[in-house]
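What follows is one structure encoded as structure tokens, with my remarks underneath.
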């Protein structure tokens, strides 16, 4: 008898009919002799609907109350799924994160899981119950409801699997695994049967939307067996594997695209302003990429980085506050896209980098910035050119693999 944690997203539970289908799928696992904990997201569109209501009341609502509101979506879906299972003669119980004991920090809308209680979960499992757990949420040390941000239900599932030492964490989505690139952009993208955890973490953090980066990070930290499957075709999928589990890893794993990027350049900062800025980014969980820092002989600092456009106003507010002590320059360029090529062979295979720049030359595209790291190469281009560049580079680097 194995223990599986299965996560179903908003699309999978988007209608009563789909919830009934999920119930049948869970029952198949139970009939195979296994214990199951199911993590469920809110029904598709429900979280956005709730946030829309909040912004009708207040354009800048309290973050605490926003989390209280947003977390209610999962309460509906877990109860409906439990009802569907009970109707079929399978004892089930729905539990909110607070009832389970998922403790987080107090960063509303971006909370991180600190610990997971298992006593209630094991109590229900040992009584033969199927546990339906609310994803996306937790509570802080003061008892406030918190939410985990985008992809939070994936993180909930991985955290429960780690705490319970589950045999596998299965993430069911509306696609049948991890692809070499978003198939909506590239018709030649292909499903990857296995992805090494390091590459998966990079792909997830760089726009591959099947798994959120926090869930992959948590899985890698606790070595949770993690598999991505389709809710509609569960016979296929992608296994996220670790170094000692992979026999042959390709030089390039895949490509990820991000739209809505901004390129930011800050110059003539003092070192104190530079450090203060980084501290604010950390405090507010603002994610930057392609960070480049240069120190002038005068001791002043220049910074360059890419940023999601949703965070630009916050960064500008921070900079305006820091400018009160000493002025510096902020320039930003909007309407950009970022393409990232990921694979553990990038460092040891310079021919890949050569192929990338040859394609960029052939395409005659304007390149705003390029950043090379150990297992990723990121390119910022005008957003309107992003898909064209991505398809061409996929063909050049992975066209012969499929």
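Here the Cβ of each residue, glycine as well, is placed from N, Cα and C on the backbone.
The annotation ATP binding site is assigned in TrEMBL to 7, 8, 9, 10, 173, 174, 179, 184, 209, 210. The substrate binding site annotation in TrEMBL covers 47, 74. Taken from TrEMBL, the feature domain 'Aspartate/glutamate/uridylate kinase' applies to 4-230. What TrEMBL lists as domain 'Aspartokinase ACT' is 339-396.
Cβ neighbour count for residue 9 (ATP binding site): 23 (other Cβ atoms within 10 Å of its Cβ, all protein chains included). Note: the CA-CA distance between residue 74 (substrate binding site) and residue 9 (ATP binding site) rounds to 10 Å.
DSSP assigns residue 7 (ATP binding site) to a strand segment in the three-state reduction.
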